[in-house]
Amino acid sequence: MIRLVTLAALPVLVLCQFDPSKWFMGSNLGGLQGFGALPARCLKYLEPGLSRGNRPPSHRFFFNSTSGNCEQFVYYGRGGNRNNFRDVFKCMKSCGCKQQRNGGVPCNPPSQPVIRYYYDTFTKLCNTFQHTGCGGNSNHFKEWNDCFFTCGSGFEW
């Protein structure tokens, strides 16, 4: 696959699977410092909100930037912040899929690395990488279709 991409007003020819995280390492293309950063809403702390009188609380999801995962919490119905999603899929699409790939850490006892898929926000593709089996973040999937349907721009939940 060949793509012509413009970055900082410079055309870049992309052949096959292009890994921008490796290509930009150590480069001084000034406009790209925030490249791969999570949106501000994903970095906000959990705020469960305030009670709405006699209405029962509901279960929602927030992105935990420390663990790198979407986690469930009890929302009381009023207030809070934008790190508050009705379902895990919206949380993943808004935050989890925007994390850079993370191969994890070696397990104890050690195990062989396995092939997983991660969503690359630059190319908008699901690519393979080696995962050690322990740790990492939520931007890793066992199957390509899980990656694409959760994170890809071709499908909305």
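Just so you know, glycine gets a Cβ as well, placed from its N, Cα and C.
The signal peptide annotation in Swiss-Prot covers 1-16, and the record cites sequence analysis as its basis.
Annotated domain 'BPTI/Kunitz inhibitor 1' per Swiss-Prot: 42-95, in sequence order, evidence recorded as sequence analysis.
If you look up Swiss-Prot, you'll see CYS42-CYS95 (among others) marked as disulfide bond, on the strength of sequence analysis. In three-state terms derived from DSSP, CYS95 (disulfide bond) belongs to neither a helical nor a strand segment and is classed as coil. The Cβ neighbour count for CYS95 (disulfide bond), using a 10 Å radius over every protein chain in view, is 26.
Per Swiss-Prot, disulfide bond is recorded for CYS70-CYS91 (among others), and the stated evidence type is sequence analysis.
Model confidence over the domain 'BPTI/Kunitz inhibitor 2' (97-151) stands at 92, taken as the mean pLDDT rounded to a whole number. The feature domain 'BPTI/Kunitz inhibitor 2' is assigned by Swiss-Prot to 97-151, with sequence analysis given as support.
Within the same chain, the residues at least 6 positions away from CYS97 (disulfide bond) whose Cβ sits under 8 Å from its Cβ are TYR119, THR121, ASN139, THR150, CYS151, listed in sequence order. The disulfide bond annotation in Swiss-Prot covers CYS97-CYS151 (among others).
Feature annotation from Swiss-Prot assigns disulfide bond to CYS107-CYS134 (among others); the stated evidence is sequence analysis. Sequence-distant neighbours of CYS134 (disulfide bond) (same chain, 6+ apart, CB under 8 A from its CB) are GLY104, VAL105, PRO106, CYS107, ASN108.
When secondary structure is read from DSSP and collapsed to three states, CYS147 (disulfide bond) falls in the helix class. Taken from Swiss-Prot, the feature disulfide bond covers CYS126-CYS147 (among others), and the record attributes it to sequence analysis.
When secondary structure is read from DSSP and collapsed to three states, CYS42 (disulfide bond) falls in the helix class.
For CYS70 (disulfide bond) paired with CYS126 (disulfide bond), the C-alpha to C-alpha distance reads 19 Å. Listed in sequence order, the disulfide-bonded residues near CYS91 (disulfide bond) (C-alpha within 10 Å of its C-alpha) are CYS42, out of CYS42, CYS126, CYS147. Of all Cβ atoms in the shown protein chains, 20 besides its own fall within 10 Å of the Cβ of CYS42 (disulfide bond).
Across the structure, CYS147 (disulfide bond) and CYS95 (disulfide bond) place their CA atoms 14 angstrom apart.
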